[in-house]
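As given in TrEMBL:
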BINDING   A:LEU9, A:GLY10, A:LEU11, A:GLY12, A:THR13, A:VAL14, A:GLY15, A:GLY16  NADP(+) binding site
BINDING   A:LYS105  NADPH binding site
BINDING   A:GLU190  L-homoserine binding site
ACT_SITE  A:LYS205  active site, proton donor
DOMAIN    A:355-431  domain 'ACT'
Number of protein chains: 2
Amino acid sequence: MKPVKVGLLGLGTVGGGTVNVLRRNAEEITRRAGRGIVISHAAARSLDKPRLCDTTGIRLTTDPNEVVDDPGVDVVVELIGGYDLARELVLRAIANGKHVVTANKALIAKYGNEIFAAASRQGVVVAFEAAVAGGIPIIKAIREGLAGNRIEWLAGIINGTGNFILTEMRDKGREFADVLAEAQRFGYAEADPTFDVEGIDAAHKLTILASIAFGIPLQFEHAYTEGITRITPTDVTYAEQLGYRIKHLGMARRVESGIELRVHPTLIPERRLIANVDGVMNAVLVQGDAVGPTLYYGAGAGAEATASAVVADLVDVVRVLTTDPNNRVPHLAFQADALSDLPILPMEQVQTAYYLRLQAEDSPGVLADITRILGDQGISIEAVLQKEPSEGQSHVPLIFLTQRTLEAKMNGAIDAIEALECISGQVVRIRLEHLDSHR
Amino acid sequence: MKPVKVGLLGLGTVGGGTVNVLRRNAEEITRRAGRGIVISHAAARSLDKPRLCDTTGIRLTTDPNEVVDDPGVDVVVELIGGYDLARELVLRAIANGKHVVTANKALIAKYGNEIFAAASRQGVVVAFEAAVAGGIPIIKAIREGLAGNRIEWLAGIINGTGNFILTEMRDKGREFADVLAEAQRFGYAEADPTFDVEGIDAAHKLTILASIAFGIPLQFEHAYTEGITRITPTDVTYAEQLGYRIKHLGMARRVESGIELRVHPTLIPERRLIANVDGVMNAVLVQGDAVGPTLYYGAGAGAEATASAVVADLVDVVRVLTTDPNNRVPHLAFQADALSDLPILPMEQVQTAYYLRLQAEDSPGVLADITRILGDQGISIEAVLQKEPSEGQSHVPLIFLTQRTLEAKMNGAIDAIEALECISGQVVRIRLEHLDSHR
């Protein structure tokens, strides 16, 4: 059978990795797919930049439309990133009847509903395994591997840069800004690190995971996002003394009234496997009603790790080239006409446990004031850690772990605590998830 | 569309779980598959035993052939276990043109080549996700999710009973026999625990994983299998002092001369995620050349965890019902005519590192004798741990960690060490794998 011809949009890190993996493993990939896969066309912004890969035999152009419009291209692989140009090119490829593989989480999180609808009308596939957690086959695992389950919740460390920073802060007691600067020097973090450290990148990926887990349309605009820029070595240390690690976690949970969808720094019990996922590695913990907890771990970024997911999608596309379109795995795991309209809950309606750190006067009655405020809101205390005042300091750090409560109640309690005369400055609040099977 | 009709062979733990999951999650499963899946027929050894599940609406029989031969059954799910009857029924179902889903690792490991050939001739699918690591979608992950990779090696904790026993031995310092008896009381271990504690069950699963990872026919008869019955709390403790955990690991590795395929107790550095997989949980670590290391973790057994995999396979079968048979995912990941004839290596040709424990006279010159023997075989020593003699004992425990070497050389060294006058009893030898990315 003739090989399948692939047109690449973008010849940067992941594009170069994809060319290299397809070349190096051509024989094994053909043995699996039953048909060869070759890159026949590629578009890049500049044609005379040094490349990760050998481009011999690939028809190069600076105009991505040439790739998208070429009748010789069977599948378009979109690796240029960003929102608008990517959307335009992907929709144009679909309109031309081409299957699409993309690693672009921003595109899928924001325009996925529109793109999948267009793909369904045209009878083509849009595959996006590489958009979440790099080479970990997490989309396939949830969409197909756990198809028998009602997914109850999932929690992911899905931004390698953020996890690298938090791991370094913990291992070496260093400040956030300090580690970020180093990560930028090593190329682990972008010059503008906003997407990573503010949790936007993680929220893109979480939005996608929540859709395929719960059968809901993509709703990035309703995701709650909080970054790691205000995490201090102090909080990392106190968390550790209490038996927890701080991770930048994406959580999606089905509760009676809707879906929790949130990315924020989170304390996790140190004995959980996912609490020990360090450095730039990613992991997603999925709780299904039949299978219980399952965890998927691997590299969340990098040229060849991401290429691994791109090529897996290409192999899947090769197989579906002759499949009845009505019988394929649906883009969002559930049939397009069977998505549900469960609401994404506003953060005030979300329940979690909390770590609170505050600076209190070292005087009797302070603890009673705070516990009364928490009690008034119906918030139960799990643990209190009272540290000795430093030499010459009138205020002492007080750390509370609470049981699960509504975010709205915690907001009320924190307002009341900060209004106390005996409290100095703001309350540090970090959410805490036990990630046990039951919730 | 009419629902797909499933005939169950076996209504025990997994059969009951499958009925319950398909009922409870019927709405979500139909939303995913685009078509309902119902159990229409079931065969059980006895019809008046108490059941895990409600059998209303299911046509029950004690004759499995009735299920296999009924023209109303679209897919046969084989859950009776064992070799011969299962083989006969599965081949008969295939001959009748029915798709088959099975959780039977023994059957696939031993008769898989014959069964897949028969299925290919008939154009039907035999799906076996539930045969390895229960609900973890590890077959799908390797076969499809990592399709772009050349798999270099994989290592799995794939027997929950054995892992429960080793975890208890470590956590509580208890003896093997003692923990096994308890596991039998709790129902974690069979009355005859041979398959679990001798590694046969793990070798069945490893055989299957190796085939889909490397594209080789199933070769259970060439797997090296060593049990955990001779692991003592002493070795668990010494391993821990050296920074390792002892796990019953299945390893499959591609080396230049062929494939290593082996199940044996193994020391693993305690910082590896897989070293922290405890109790009855399973995990498989897979090293691909593009993706790097990925890990898959979850429940390896249990009614609903296994049912989760059975139902995922059923959903896949529903999709392939209208797919071009030549274009499906191949049973063993690689196209049937593209399997390779790489040999499975005999254990003497396998390379690993080692933990050795021996009882030596507390006298000068002993250490020199042993290091000379190891040196003569070209075996490098990584660490030595010399313990104080117990009160009134003339012999002291000596523990060595070695670098990687050929098993044949280690056999020679151990023979020579045991022949020394100053050594009492046999050398305890446990293999050690670093499980880092490079080997």
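The backbone N, Cα and C atoms fix where each Cβ goes, and this holds for glycine too.
Given the structure is predicted, the values throughout are model-derived calculations rather than measurements.
Locations of recorded TrEMBL features on the structure.
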residue: A:LEU9; record: NADP(+) binding site; DSSP (3 states): strand
residue: A:VAL14; record: NADP(+) binding site; DSSP (3 states): helix
residue: A:LYS105; record: NADPH binding site; DSSP (3 states): helix
residue: A:GLU190; record: L-homoserine binding site; DSSP (3 states): coil
residue: A:LYS205; record: active site, proton donor; DSSP (3 states): helix
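Helix, strand and coil counts under DSSP for the domain 'ACT' (A:355-431) come to 23 helix, 32 strand, 22 coil. Neighbouring residues of the recorded NADP(+) site, listed in sequence order and excluding A:LEU9, A:GLY10, A:LEU11, A:GLY12, A:THR13, A:VAL14, A:GLY15, A:GLY16, comprise A:LEU8, A:GLY17, A:THR18, A:ALA44, A:LEU52, A:LEU79, A:ILE80 (Cβ within 8 Å of the Cβ centroid). Under 8 Å, Cβ to Cβ, and six or more positions away along its own chain, the residue listed as 'L-homoserine binding site' finds A:THR161, A:GLN184, A:ASP196.
In this structure the alpha carbons, written CA, of A:GLY15 (NADP(+) binding site) and the residue listed as 'active site, proton donor' are 20 Å apart. For A:GLY10 (NADP(+) binding site) paired with A:LYS105 (NADPH binding site), the C-alpha to C-alpha distance reads 15 Å. Across the structure, A:LYS105 (NADPH binding site) and A:LEU9 (NADP(+) binding site) are spaced 15 Å apart at their Cα atoms.
For the residue listed as 'NADPH binding site', the Cβ neighbour count at a 10 Å cut-off comes to 27, with all displayed protein chains included. A Cα-Cα distance of 21 Å separates A:GLY12 (NADP(+) binding site) from the residue listed as 'active site, proton donor'.
Per-residue pLDDT, averaged along the domain 'ACT' (A:355-431), amounts to 92 for this model. For A:VAL14 (NADP(+) binding site) paired with the residue listed as 'active site, proton donor', the C-alpha to C-alpha distance reads 17 Å.
Taking the Cβ of A:GLY16 (NADP(+) binding site) as reference, residues of its chain lying under 8 Å away and at least six apart in sequence are, in sequence order, A:ARG51, A:LEU52, A:CYS53, A:ALA303. Compared over the binding-site residues A:GLY10, A:GLY12, A:GLY15, the count of CB atoms lying within 10 A of a residue's CB peaks at A:GLY15. A Cα-Cα distance of 21 Å separates the residue listed as 'active site, proton donor' from A:LEU9 (NADP(+) binding site). Within 10 Å of the C-beta of A:LEU11 (NADP(+) binding site) there are 26 other C-beta atoms, taking all protein chains into account. When the recorded positions A:LEU9, A:THR13, A:LYS205 are compared by the number of other CB atoms within 10 angstroms of each CB, A:THR13 has the fewest.
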